[in-house]
Amino acid sequence: MMGFCWSGECGNRPCWGDHYVPCCAGWVGPTVLLCIYGFCSMMRPIEPFLTEFLTGSYKNLTAEQVTRQVYPVWTYSNLVLLVPVLLVTDFLRYKPVIILQGITYVTTMLLILFGSGVHLAQLAFFCYSVAMAADVAYFSYIYTMVHPRYYQRVTSYVKGAILLGYAVGALLAQLLVSLGGVSLGCLAFITLISVSVALLTSFLLPMPKTSLFYKGTDSAQHGASDEGSPDSEDFSIWAKSKTAAEHVGGKFRGFVLDCKECYSSVAMLFYCIWSATGTCGFYQVSAYIQLFWLHIQPGNFTAYNGGVDAFSTLTGAAASVAVGHMSVEWSVWGELVLGGFTFLVAGAIFLMDLTNNIWISYMCYSLFKTVYLQLSTICTFQIAKTLSRTRYALVFGMNSFVNQVLQSVLTAIVINSLQLGITLQYFVYASFFAAISLLFTVRGVYTVLHMKRPTGGNQAERATNLPEGSRP
């Protein structure tokens, strides 16, 4: 007889009822629960029609208020919250932060449903920014619960769960609005139910016994306590405080050295640049796309925002999977691929900005999102394969922070300072991607010419420029 391990402990130890379990059983339970949580937390039918909900008869906010006062709250709050949440997440061992994320999702929907006025809408988007900052817990939790041999598999599952949840929510919204004549208020209630199920699921997640960053903290403190004589309680407190201070100092020095080591590779530095800048542009375009469509769509038009979101998410997921099966010499062609396809992204946004046809705009946005998800996947695995696992959180966290800084700067200049109209905003975003494309095309051409020289030492030279974590 064989037990089923939900605790994450597996291997050659008895897990349940004194029965041995195969090592694969230990990752099944936590992964299933986390995927259910991810699916339900992202299955938000109101999201494709949120701008219409806020500016319509339900909340009676103006498009100007939503653009200048409500949506920017999410960008600025996320910048402030990202680093503290990142540090607290690892210290609290992920589960409490996932629960906090579920609570803030529910709070956001309650405020959107029952609140009125600009201030409560701003509070709702502040709560939403807390939930978004806590995403790091969702993606980090599973790595503390499973053996490293299952990392690739569980990563695909948990990422697939959120993409599927978003696509199902968007498609459900479109079908209910277009075919069922369901009101946007009902979509908001369905969203509230979905995120409430996610919150309940988060309580069932097993608590990790270790963290990825603070491993060794407890042992170091215990070691210091044992070395000192326990004759005096004051001495014990002093020893623990000294050990904690030394530990923090050591971690900071290690952080600086890790940053220097990780970004010493020019190739990886460029992938990180694209990851930060590309994500910044993607979120800026996505955040205001509903306002853009509201601006150009004809009167009495049935919006197909949900269908477009569902289609672009599914095609983006398919493109991301296809990238994993492509046989390309990424060390040679990767930067040029990024430059060429980023130019396609810039062209799609330019065309979307120039046209007044809502259907062309829908097609351009679908192309934009599909290509972005594909390029984001390329950057992610190119960065990950050159790093040791202990540096994943450092590099991806730094990329997220730079992304948030750029988003805040763009929002402050384009929306709050210059107060550009919605079409001019998208001209700026298209120009932003065009600049990224130019940078990576020039860099890609240089890399190809440099790597294709007949001298035999170039590839070896490039390999030695990678961080230590990537070397065998």
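Using N, Cα and C of the backbone, Cβ positions are placed for all residues, glycine too.
Automated prediction, rather than curation, is the source of TrEMBL annotations.
The transmembrane segment annotation in TrEMBL covers 73-92 (among others). Within the same chain, residues 122, 125-126, 128-130, 132-134, 136-137, 140, 211-214, 287, 393, 397, 400-401, 404-405, 407-408, 411 sit at least 6 positions outside the transmembrane segment (73-92) and bring their C-beta atoms closer than 8 Å to a C-beta of that stretch.
The transmembrane segment annotation in TrEMBL covers 97-117 (among others). Cβ atoms under 8 Å from those of the transmembrane segment (97-117) belong to residues 37, 41, 46, 50, 53-54, 59, 85, 88-89, 123-125, 127-128, 130-131, 134-138, 141, 185, 188-189, 191-192, 195-196, 198-199, 201-203, 205 of the same chain, restricted to positions at least 6 beyond its ends.
Annotation source TrEMBL lists transmembrane segment at 123-144 (among others). When Cβ-Cβ distances below 8 Å are used as the criterion, the transmembrane segment (123-144) is approached by residues 8, 27, 30-31, 34, 37-38, 70-71, 73-75, 77-78, 81-82, 85-86, 89-90, 93-95, 97-98, 100-101, 104-105, 107-108, 111-112, 115, 151, 154-155, 158, 162, 205, 208-212, 389, 393, 397, 400 of the same chain, each at least six residues removed from its ends.
The transmembrane segment annotation in TrEMBL covers 156-176 (among others).
Residues or ranges marked as transmembrane segment by TrEMBL: 182-205 (among others).
The transmembrane segment annotation in TrEMBL covers 332-352 (among others).
If you look up TrEMBL, you'll see 358-381 (among others) marked as transmembrane segment.
Taken from TrEMBL, the feature transmembrane segment covers 393-415 (among others).
Feature annotation from TrEMBL assigns transmembrane segment to 427-449 (among others). With a cut-off of 8 Å between Cβ atoms, the residues of this chain six or more beyond the transmembrane segment (427-449) that come close are 267, 270, 273-274, 277-278, 281, 284-285, 332-340, 342-343, 345-347, 349-350, 353, 410, 414, 420.
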Counting only CB pairs under 8 A, let me know which of 182-205, 332-352, 358-381 has the most with the transmembrane segment (156-176). 182-205
Give the nonlocal contacts of the transmembrane segment (358-381) in its own chain as ranges (CB under 8 Å, at least six residues past its ends). 271-272, 274-275, 278-279, 282, 285-286, 289, 292-293, 296-298, 301, 304, 308, 311-313, 315-317, 319-320, 322-324, 330, 334, 337-338, 341-342, 344-345, 348-349, 351-352
